[in-house]
Amino acid sequence: MKTVAALTLLAFATAANGQFLQDCTNALDGLYALGECEPQFLTCSGGIARIMDCPADLIYNEPLLICDWRHNVIGCEGSGESSGETSGEGSGESSGEASGEGSGEASGEGSGEASGEGSGEASGEGSGSGEETVENVCENLEDGAYSSGGCTTYYFFCTTNTARFLSCPTPLFYDADSQKCIWKSLVEECKEDLTITDGSGETSGEGSGEASGEASGEGSGEASGESSGQGSGEASGEGSGELEPTCEGKADGIHPNGVCSTNFLTCSGGIARIMDCPASLVFNPTILVCDWPRDVAECAGLPTPQPTCEEDGYFSFGQCSSSFTACTNGRAIVMFCPAGLKFSESTVRCDYESNVSECQETSGEESGEASGEQSGEGSGEASGEASGESSGEGSGVEEQNQCVGLDNGLHAIGCSPRVLSCQNGHVDIFECPSSLVFNDQSLICDYPQTSLKCLIEDTILIDETPIAAFDCSTDGLFSDGLCSATYHQCTAGQLINFTCAASNAVFSAANTECVDSSTLLQCH
């Protein structure tokens, strides 16, 4: 308890001074912010500092000690996409080439003014109205969870007239009756929207401003503004020459993206996203799932798509690079080493720069630091912390046999953040970011509620009760994650954060106390 109190005092002192820790010198074990609205945070354990990345689109929320949406972090609401894309009405009217809405400007129909009114992101008026909605949406409503209306993935919590906006993980939708994120087919409001639509007709210039500004704002607007005066804003930033579909006129949900395509279109709140099917599968518009080409009527007589990866394995992006490509069954997946590590193609692992042969020619630096992965080959634990993977070398027959009977590719290891990679008998183990688990249906790291294995194996941690707001209306102790050393206590409506004192201890929601991490299955 003394350790927890000291940690709390240190956090208050840091906030009062307006300073942020950059290393763990004289710091207690715990999590610390690296700055305001930062997508990374600092972890201190035994005096050792590690910089960790939040999942995509999230930033570190220091009061809650979690990665959170930008609009949920005080002071960061207006510093994200809305302020970074196009500020002011003039940008959409006169400088279309410099913004994501430029494609709409070129067409003459989807101009900056129209896209600003429709998307709420391109103009100051749009962002202002968004703030007004945040302040007034909970007026005269009781505290609790509410749907944003209709068939949607968005919902919000009301706590003392203050709104906290959230969205369901893809591809779930919010059900107002059960107050949970569930499959679209089970949501009453979505049943009338479950119709098959053709995704090939959305190519007009009217929707191009939204598509280029929201779905492919990184480069599509600029590319279309320069290459065409006819408003070819649908051209994707990847330069593929294909038309980028929009969600204009489409209900929230899943839609085809062409005929016999290896990807599909998802629409959520008018925002279009292209999702890839797993390797060797194409989208079946009849049942709205990825399926074998032989079972999709539209694929009859069409040539089989060629794989983007000729050989399975892991390949570096370049000499002394922290990025690498994982090729699995002809599909390329871009992966990244943890902060401070480089990918070694010769050893097929992330390692310190001094231990990567590809880095020696460029850096010439030699370090006496011992590699955490080498000492961790026997246990798999040190390797998982330092490089984001456990090589499995020397860990015994049991780990080598994990790939027996499994196809080449990625596989979930139960309801856990660990990912098993099988490549022609070679075993690798990767780890998802904190509080996420690997979903072997979608082949991505996702929230535990989306994993079928979590729903089957872990009935204690995966709570099927209706969603509750973080308003501490219920007294008790609550864990901050699947295998987390941090937890919080709610007493008379007040929230107090705690951290387990022992270095190897995590909080058990079932026992309502800190226990040794080796006793919990989800921590293995």
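Just so it is clear, glycine is given a Cβ too, placed from its N, Cα and C backbone atoms.
Keep in mind that this is a model prediction, so the values were computed, not measured.
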Write down the residue from S94, S127, S208 that Swiss-Prot flags as O-linked glycosylation site.
S208
In Swiss-Prot, the member of S111, S212, S216, S220 to which O-linked glycosylation site is assigned:
S212
Return the single candidate from C267, C290 listed in Swiss-Prot as disulfide-linked to C277.
C290
Second cysteine of the disulfide that Swiss-Prot assigns to C67, among C54, C76:
C54
Disulfide-linked residue for C500, taking Swiss-Prot as the record, within C490, C514:
C514
If you have Swiss-Prot open, could you say which of C327, C350 makes the disulfide with C337?
C350
Among S79, S119, S357, residue that the record in Swiss-Prot marks as O-linked glycosylation site:
S119
N497 (N-linked glycosylation site) to N355 (N-linked glycosylation site): how many Å between their Cα atoms?
39
Among N355, N497, the most crowded of the glycosylation sites [Cβ within 10 Å]:
N355
Taking DSSP three-state, what's N497 (N-linked glycosylation site) in: helix, strand or coil?
strand
How does the domain 'Chitin-binding type-2 5' (400-456) divide up by DSSP, counting helix, then strand, then coil residues?
12 helix, 22 strand, 23 coil
